[in-house]
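Novice: Handing you a structure now.
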Amino acid sequence: MAHTNESVVSEFVLLGLSGSWELQLFFFAIFSIVYVASVLGNIMIIVIISSDSHLNSPMYFLLSNLSFIDICQSNFATPKMLADFLAEHKTISFEGCMAQIFLLHSFVGSEMMLLVAMAYDRFIAICKPLHYATIMNRRLCIIFVSISWAVGILHSVSHLAFTVDLPFCGPNEVDSFFCDLPLVIELACMDTYKMEIMTLTNSGLISLSCFLALIISYTIILITVQCRSSSGSSKALSTLTAHITVVILFFGPCIYFYIWPFSRLSVDKFLSVFYTVCTPLLNPIIYSLRNEEVKSAMRKLRNRHVNSWKN
């Protein structure tokens, strides 16, 4: 039978995080705070960087783009999840489900590539400081950002091209709070083994290659920093710590899901929450708390607004 005749599922049921009404209200309160803090925090980073001339450098240009991706990632599923906590019937249309899959993989793929670009920026700044201004010009930064978005979108389209045409003819319950690609694939009325292997290969290649590139880059950078004994080294090490922390917290759950994409353990839902809801909050927290230049720019921006209100 043709796939078009079999695909009769028009919506999916999202089972969410819990069936308990009390727990859902608790999750609603907690994740509402996390969501608002994440969006406002990343907007704050972008405003601070764009308003302070001292932060007009390639590193902060890439950081502001990272914040923009995190804002996008905060909004692809979290508002729907919050609304579903207060709803009895948690459903999403077929088109909405495909849109969530496309957006998630676009944002995640873009962020992976952008983290690699940020690692390259630090590599040039620390290992080749005399050539930094020549190499890391605005044109190269724009190319890095463009490539990161292009790779993310292509990565997502390669998933979606096969998923859209799958025959969904009956089961429509997704055991998550959003349309997670492996869970949706399992609902297809066909043998999905080859699809699962393609999904694992596609996602695994981009995540592991980016992670290995980051590990190699930061290892070389850390060795270079350790070989120097100057005041600049401690500042570089502080900046590197923030970068490495973001990389570990971002890639940890990511690699877990790509190594065991079709195993369903109870911890998987909560790792999904951390990955999609909490990870976008890490960027403003880590960079604002560990970066003296960002903290200084925050204080100047606050004082400027306080003085304008007084006048």
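Just so it is clear, glycine is given a Cβ too, placed from its N, Cα and C backbone atoms.
Note: TrEMBL annotation is automatic and uncurated.
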Novice: Per TrEMBL, which of 176-194, 271-289 is transmembrane segment?
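Specialist: Result: 271-289 is the stretch TrEMBL calls transmembrane segment.
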Novice: By Cβ distance under 8 Å, which residues at least 6 away from the ends of the transmembrane segment (140-162) in the same chain are close to it?
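Specialist: 58, 61-62, 65, 98, 101-114, 117, 120, 181, 195, 198-199, 202-203, 206.
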Novice: Please identify the stretch among 25-48, 98-120, 271-289 with the greatest number of Cβ pairs below 8 Å relative to the transmembrane segment (60-78).
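Specialist: Per the Cβ under 8 Å count, 98-120.
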Novice: How about long-range neighbours of the transmembrane segment (25-48): same chain, 6 or more residues beyond its ends, C-beta under 8 Å?
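Specialist: Cβ under 8 Å, 6 or more out: 17-18, 55, 63-64, 67-68, 70-71, 74-75, 78-79, 81-82, 85-86, 273, 277-278, 280-281, 283-285, 287-288, 294, 297-298, 301.
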Novice: Can you name the far-off residues of the same chain, 6+ from the ends of the transmembrane segment (271-289), with a Cβ under 8 Å from a Cβ of it?
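Specialist: Same-chain contacts beyond the ends: 17, 31, 34-35, 37-39, 41-42, 44-45, 63, 66-67, 70-71, 73-74, 76-78, 81, 104, 176-178, 180, 242, 245-246, 249-250, 253-254, 256-257, 295, 298.
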